[in-house]
Amino acid sequence: MNRFGFSRMMLVLGLLFIYMPMLILVIYSFNASKLVTVWGGWSVKWYVGLLDNTQLMGSVVRSLEIACYTSIAAVALGTLAAFVLTRVTRFKGRTLFGGLVTAPLVMPEVITGLSLLLLFVAMAQMIGWPQERGIVTIWIAHTTFCAAYVAVVVSARLRELDLSIEEAAMDLGARPLKVFFLITIPMIAPSLAAGGMMSFALSLDDLVLASFVSGPGSTTLPMEVFSAVRLGVKPEINAVASLILLAVSIVTFMVWYFSRKAEATRKRAIQEAMDQTASESWKQPASQRPATQQIDATA
């Protein structure tokens, strides 16, 4: 009993340590005072004032746009890399390819950002692209970083799949491309969703890479917040952060709800198929029934 109470206490302390700063941030976003550390009563004027702060709202929209593009590209590239690592077991340079795919996971962001900056500068001098650093260069940098996470998540799921399902589909005449889209993709859909959400969060939160590869007019939300914090936290930043927390919470709840609903529908369909198969088998003559059912009938 004492052990259970200690575990519960540690769980509560861990949750408080994680979520208490977020709760404080949301509370102080309704602070009427301009000073963040001084409580001046409840007010929603900072949320209303966000509409007039075009610079801050522009950085929010820009960050969300880059995060959406990054999640889509990272899922596509990471899934392809995961398929190569798990399904193509023998080819020259496989170990090197696996190391290159997972290298961004252990590479310091400062080194990655500096190398990408030098790459973009060299490309601009050689081929004239990119002429200026902006949303596209940030998107490329974030995709390079996030695709490694997607590859690890998807490859772990692919190793657990039963290949006999895909082989049965191909034996029935389905082409590999059709098997991939109609069988493999639905089975790895949870890992794709997890990789996409992880890429979205990493891109939205990134500061180091964006600081290296961004240019004039392409300031992201983390860069805007970091520059503002050096001069003191503004109440508008608390309001923006609270809105982002609300949006992320709603999206997470919707993903959980629809995933749970889809899982319940799948289990119900499997149960109905099993019941239908059992009822049809009992309608057959005794000589055509499976051996197990014949034994049960004689018993």
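Every residue gets a Cβ built from N, Cα and C, even glycine.
Heads up, TrEMBL stuff is auto-annotated, nobody curated it.
Fair warning: this is a prediction, and the values are worked out from it, not measured in the lab.
As annotated by TrEMBL, transmembrane segment applies to 12-30 (among others).
As annotated by TrEMBL, domain 'ABC transmembrane type-1' applies to 60-256.
The transmembrane segment annotation in TrEMBL covers 66-85 (among others).
Counting only same-chain residues 6+ beyond the ends of the transmembrane segment (97-124), those with a CB under 8 A from a CB of the stretch are 81, 84-85, 130-131, 133, 137, 140-141, 144-145, 147-149, 151-152, 206, 208-209, 211-213. If you look up TrEMBL, you'll see 97-124 (among others) marked as transmembrane segment.
Residues annotated as transmembrane segment in TrEMBL: 136-158 (among others). Proximity of distant same-chain residues to the transmembrane segment (136-158), defined by a Cβ-Cβ separation under 8 Å and at least 6 residues beyond the stretch ends, is recorded for 66-67, 69-71, 73-75, 77-79, 81-83, 85-87, 101-105, 109, 112-113, 116, 120, 130, 187-188, 190-192, 194-196, 198-199, 202-203, 206, 209-210, 212-215, 218, 220.
As annotated by TrEMBL, transmembrane segment applies to 179-202 (among others). Within its own chain, the transmembrane segment (179-202) has Cβ neighbours under 8 Å at 67-68, 70-72, 74-75, 78-79, 142, 145-147, 149-150, 153-154, 156-158, 161, 165-166, 169-170, 248, 252, 255, 259, counting only residues six or more beyond its boundaries.
Among the features that TrEMBL reports, transmembrane segment is placed at 237-258 (among others). Beyond the ends of the transmembrane segment (237-258), by six or more residues, the same chain brings 22, 25-26, 28-29, 31, 36, 46-47, 49-50, 56, 60, 193, 197, 201, 204, 221, 225, 228-229 to within a C-beta distance below 8 angstroms of the stretch.
Here TrEMBL flags 274-299 as region 'Disordered'.
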